[in-house]
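According to TrEMBL:
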- 66-167: domain 'DUF7038' (DOMAIN)
- 200-308: domain 'DUF7039' (DOMAIN)
- 336-453: domain 'DUF7040' (DOMAIN)
């Protein structure tokens, strides 16, 4: 049976109010056989049934005193000096936690005790407000010297996904537009050096090796392909690593598909031994003899070296897809599915002139054909009209219902950021697309899992077929408490 986890914030003879991440504050009947008290954790199975449970979240301690509920947890506050003034003003006197979302800080507890942008520990108090927030900062937790530096939990990236950072990241131009000549992904003949390094993902495990030579020992007819939006496609000859025993260098290339790695490069045009040989050739035959080698594309001239496996940067899994050959034959191919999130920007999916079209079939035909979003680790990701339509339609329908049911909340949410979470796939034509990157991206949005407001996590759309998250009881939305 699916459940929702929450903790008790208010208790009366007939009712208890419980805070949950999915539905915020919900009101449920007081069950004497359970006798819930302030701060108790509840496992909720429906709007009328629950049992006492536990909440195992690192650095998340619930307590109560004199009918007040407190939570000791990690938060991050805005660094006003690094933010645009409009964004800094918008998030003044708040901190953020991925578990409780935005938390009021009217007494500047965070800014007095900590540096903006740092993940630190505070105690917050349950104090619901008409602005839609439920907690405010009560006091700071001062750690022992060096304790915060040694805490791995404070370094986890999900703690830094605060709404002000998301807003500034999505407003910045992608790096491939700022310095295309400096990146091997956009400058396809850029020379790489040993001290160049990348973080990337293995997107193909058995790709025809353009540098294969039968007369050279160790040369393999196929290679794995690594991708980074900074350094582009890189060949990785896994078969040269069979002397290693760790998983990252397993002899089975399929096991590397979808894995994340850090790596450097062995570029024939810049390696020391190759440079010495080229210098001798220049002396003997002249400068022109070396020109063809220096003009070779980086994908042909360089291979990945010093490859080290990483924990997944994003949730990633290997899948098997059915595809067609040039002759129309159906075959099974391995691919990867990667979970990504991005901010909803209507203008990137549809021109304003098209939004007044009432018939969705006609409207879909005029959605932007260059619709995309940018991901730091994967680069440009294409959004096809079918997925763009789903996103726009779900958001517009939700807003219409909200406008009729709660005009005040509708007004409050006009400026709220909306986040789409979904799965992207690697294109079958990735090697061709890479030749003109970033005109097109190597990945495309394959399905939408969830659409929600980033400020408080309120759900706009949930894909019923999503397999990544346990389904929650559908009837809890009817018992949400609104102020």
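Cβ atoms here come from the backbone N, Cα and C positions, even for glycine.
Automatic prediction, not curation, is the source of TrEMBL annotations.
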Could you give the number of helix, strand and coil residues in the domain 'DUF7040' (336-453) as assigned by DSSP? 50 helix, 36 strand, 32 coil
For the domain 'DUF7038' (66-167), what are the DSSP-based totals of helix, strand and coil residues? 31 helix, 31 strand, 40 coil
The domain 'DUF7038' (66-167) [mean pLDDT, rounded to integer]: 85
